[in-house]
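Comments concern the structure below.
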Amino acid sequence: MELTLNSSSSLIKRKDAKTSRNQDSSSSMSFAKMKPPTYQFHAKNSVKEMKFTHEKTFSPEGETLEKWEKLHVLSYPHSKNESSVPVFVMLPLDTVTMSGHLNKPRAMNASLMALKGAGVEGVMVDAWWGLVEKDGPMKYNWEGYAELIQMVQKHGLKLQVVMSFHQCGGNVGDSCSIPLPPWVLEEISKNPDLVYTDKSGRRNPEYISLGCDSVPVLRGRTPIQVYSDFMRSFRERFEGYMGGVIAEIQVGMGPCGELRYPSYPESNGTWKFPGIGEFQCYDKYMRSSLQAYAESIGKTNWGTSGPHDAGEYKNLPEETEFFRRDGTWNSEYGKFFMEWYSGKLLEHGDQLLSSAKGIFQGSGAKLSGKVAGIHWHYNTRSHAAELTAGYYNTRNHDGYLPIAKMFNKHGVVLNFTCMEMKDGEQPEHANCSPEGLVKQVQNATRQAGTELAGENALERYDSSAFGQVVATNRSDSGNGLTAFTYLRMNKRLFEGQNWQQLVEFVKNMKEGGHGRRLSEEDTTGSDLYVGFVKGRLTKKVEEAEASLV
């Protein structure tokens, strides 16, 4: 049968054949290298006519699936001039189990069905280094992700895949524990300097220290080589889906997948908001680099250690000599140290993104990287919390323009967090300005010619948070967003009011952030209206909510 979908996006024509209704059948499949779907795509828009051909897609029973679908490639990736912003939703951190299988496939299937009905563009998932390569060097297990890709494709959604080279656990929102691969942890036990270290000697196992990026410390390979081999394995395994269902590869470059140092770890109460954090430059590789940098400018005595007056994790700026209003940060030594410390972070990002570009170039998938939204103490002169994280951003120095330029050099989208936050919501003593920070990053990416995408930093379901994202996107003060990824899919998201807020937000972002509320009737054929939320979609949402425990 032929089914016509009335929508603002173009359509893909395909014939309808017998389709399996077993929601969990994809989880029992055995996948070799996956092949892409095959359709005859007839896509039209007001400017030109596009035609694509793919191979066949098979259901778990081997039956050909051919239907009408929307052609998502027309809406994402999209040009910087378009006002429509596709919305993605982050999947749970434990989407793939430690045994390498898709977690709760029935619940996932119901959830994806509901998200598709809500109009989201796709979902985001972490491809954990600690899961995929846990059995030994270059022994990759992608089976759980293969199951997910099959299911995401079945629902006509797109996928953002994060190359997650960090540990899961010990940070805001971490609901499970996924350490680095066991064989890597074994190397760390032999050589503790492989991980970031603070001035007290406390080791942080979240991520391999960038100080040893080019040293063959992981059984004959450098960390950059290990990350590159991991990414190359992913592309080879899912080659046919790159640029199709797999729309974006986000390259993890530090703790929480962000390009930063682990300066504010929450585990064991080490840090507490709004503490300034601590510099992470005391492993032997970072100290050696600092010493060499000091000697290169004739300041040998500056290379013996990091700042001695920078306080501790939970301090406020004015409690330290380094970060106070007219502190050491603004001295010749302070500038020297921050140039080196931030420069090493930029170099790390540059190496990783250069490698990723070489691996994924021509695949059709976008590349992105994430920068943390460290908004506390933004209204002080030193911006202490940003400095310890590696962002040399002070009242006198723009720390985000160099990052934006480095991203642009590789054609990488800069994904920034805390898009949902308002200044007035923050405690006064923390001197926060998430709005000012976001505006600065918008301006930096616009000046650098870099595409900007966004995320919410904390779990929010209220209209105020969604409205702030919409307002940020439509602001004339800087770059608009090329995509937004909502954190995170869970049981609460599918609860009545929360779900309706999300649907309204998705519609607003698709309309370029014009802030229109959902109408009571469907006048556009988009299936995004109050009656739809209350009626036809309700069953899908209830199924998703019931299956998530």
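Residue numbering: from 1, along the chain as shown.
Using N, Cα and C of the backbone, Cβ positions are placed for all residues, glycine too.
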Stretch carrying region 'Disordered' according to TrEMBL (options 1-32, 289-320, 417-448, 449-480): 1-32
Alpha-carbon spacing, ARG488 (substrate binding site) to GLU258 (active site, proton donor), which is rounded to whole Å: 17
All-chain count of other Cβ atoms within 10 Å of GLU258 (active site, proton donor): 24
